[in-house]
């Protein structure tokens with residue numbers, strides 16, 4: 001027998017024994033009446049909602065995704081925001097939209113409460129802004145019902161600031177190692193490529209970050225066993241990055257000095273440093289790299 005929906009949802013249902021009609025939330029689309037046949041098991045590879053307290057979700061979801069493929073493609077981009085731990089209920093809020101709970105005895109959709117959205121937005125919108133992304137219109141809190149309606153509530157204040165929660169570890173490639181010029185040159189000689197790049201797009205596949213480069217803003221400093229054909233793909237990888245944070249690479253509009261190795265046909269980043277425009281250190285490093293013979 002599958003387990004029940006969890007204490008949170010039981011509390012929601014208990015407080016609303018007599019339900020009126022609830023409107024679907026398809027942003028800019030007509031209301032939609034869900035049917036029980038639209039309940040789907042939450043797949044194991046929907047990592048955004050891994051460990052959520054219910055097992056079945058509705059399709060289409062509250063963001064208008066009609067297939068599981070769409071959900072998986074779009075949900076991965078939000079995993080880093082959860083990893084930033086800007087609010088304890090970020091995952092709950094996002095999963096209530098990407099994978100809304102589906103209960104056997106309830107045909108209506110359960111949306112996130114207005115207060116849940118407001119709290120998450122207040123804490124997480126500044127984090128998104130630092131990455132160059134505004135809070136999207138589809139997540140505007142005025143779209144969600146007030147707390148006296150049937151909705152997913154904010155956690156109790158007892159759980160807002162977990163005292164024992166460990167700080168997320170920093171990705172090895174993103175650690176500030178306080179290297180001098182000699183250290184940087186030594187690191188470069190150990191790697192297969194060194195590039196100055198700007199980021200066009202970041203996506204997330206399984207546990208890894210896929211970084212798509214702006215092709216016209218790329219400067220090549222070193223290639224060893226890496227062909228021009230490899231670089232034409234304009235794709236770099238930051239491995240296992242969803243298990244750690246990378247503050248060094250938190251601005252999609254900034255240029256970066258990246259070094260790495262070719263592993264299994266992929267260009268994998270082992271070191272990343274934000275390139276401060278006009279900074280003397282990077283101008284000096286740039287000259288040193290061009291003269292370097294490993």
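Keep in mind that glycine also has a Cβ here, set from the backbone N, Cα and C atoms.
As recorded in Swiss-Prot, the features of this protein are as follows:
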- 39-102: disulfide bond (DISULFID)
- 49-95: disulfide bond (DISULFID)
- 86-124: disulfide bond (DISULFID)
- 113-151: disulfide bond (DISULFID)
- 117-141: disulfide bond (DISULFID)
- 171-244: disulfide bond (DISULFID)
- 174-246: disulfide bond (DISULFID)
- 189-294: disulfide bond (DISULFID)
- 34-154: domain 'FZ' (DOMAIN)
- 171-294: domain 'NTR' (DOMAIN)
- 1-24: signal peptide (SIGNAL)
Practice task
Note the mean pLDDT of the domain 'FZ' (34-154), expressed as a whole number.
Solution key: 88
Completion exercise
Note: among disulfide-bonded residues 124, 141, least Cβ-dense neighbourhood at 10 Å is 141
Practice task
Counting other Cβ atoms within 10 Å, pick out the least crowded of the disulfide-bonded residues 117, 151, 244.
Solution key: 244
Exercise for the section: State the three-class DSSP label for residue 151 (disulfide bond), counting H, G and I as helix, E and B as strand, and everything else as coil. Expected result: strand
Exercise for the section: Can you figure out which of 39, 117, 246, 294 (the disulfide-bonded residues) comes closest in space to residue 124 (disulfide bond), comparing Cα atoms? Expected result: 117
Problem - Fewest other Cβ within 10 angstroms of its own Cβ, chosen from the disulfide-bonded residues 39, 246, 294 - result: 294
Practice task
List nothing but the one residue from 95, 174, 189 whose Cβ has the fewest other Cβ atoms within 10 Å; the candidates are the disulfide-bonded residues.
Solution key: 189
